[in-house]
């Protein structure tokens, strides 16, 4: 029975594609644009281990969003949410709101018509359906988007960078699941569309060489990559991929007392911590309070947008280093990486 695989091409892509087309039991689904991978349904993988045109074949495994426990809330005229205050985003707003910074949300899509996101969603793409309809049929992506850049006009819901430009890159289905190959395709779309910050509130414990290659190349092109560490803190505690790659900013979760959330993975280790417990934000229809390192990563992506807006002269790598150094102003606890996200120095 055929399974779906990522085939690593050693030789010319066109030649490798022709080789696959000549073989029985291989159905090519697509070839990646920027990376040397072919995605195909394959009945027998032994052929690839012997052919000089290919270097590796690995299963196109499932990946999932990092979501913990949900509950609902009704928006009302209220102060800026506790989590936005906790990272000191309002301190930075007189000097930086993220205006003009392109932030990609690699997730379940975004409900672009949501009142809290009106005017913030600049575009996107549905990788799964290969269409421009990146509407969110789950809710997770819209929640993440609200944390990054909610406009403050609905229910007191402000994001970290309330004037950043959001791009919904739908790589996850209505159940919050997707494939590595679609995540990689989403990274390619982000590269083609000049995304400056890419939020990846998703992951899996299994290493994947193709995902490593794709994230490294995107980082080398100047993109800031942010990923949730994972919600396995009460079991192995190991940080998931892609957060475990050294060029990806890995983010763990803290609660309202700034203590590590029990579910937060931190063995890997993490690069920094941010609020991830009882975070209220937009949902596909309405609002919801969610917990998870997905929410934590969104705070850091918003923070990266504020850094780029405040210091447009910084390239991706320098902006990333600057973001990590901001946290040194506060006391760093063991297991917190560079510390809790602290954006107050951007006010200077």
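Backbone N, Cα and C define each Cβ position, glycine as well.
Here is what TrEMBL records for this protein:
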ACT_SITE  107  active site, charge relay system
ACT_SITE  140  active site, charge relay system
ACT_SITE  294  active site, charge relay system
DOMAIN    98-339  domain 'Peptidase S8/S53'
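Feature annotations (TrEMBL) mapped to structure.
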residue	record	DSSP (3 states)
107	active site, charge relay system	strand
140	active site, charge relay system	helix
294	active site, charge relay system	helix
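Non-local contacts of residue 107 (active site, charge relay system) by the CB criterion (under 8 A, 6+ apart in sequence, same chain) comprise 65, 136, 140, 141, 144, 145, 168, 169, 170, 171, 172, 199, 201, 202.
Mean predicted confidence for the domain 'Peptidase S8/S53' (98-339): the pLDDT average there is 94. Taking all protein chains in view, 28 other C-beta atoms sit within 10 angstroms of the C-beta of residue 140 (active site, charge relay system). For residue 294 (active site, charge relay system), the Cβ neighbour count at a 10 Å cut-off comes to 33, with all displayed protein chains included.
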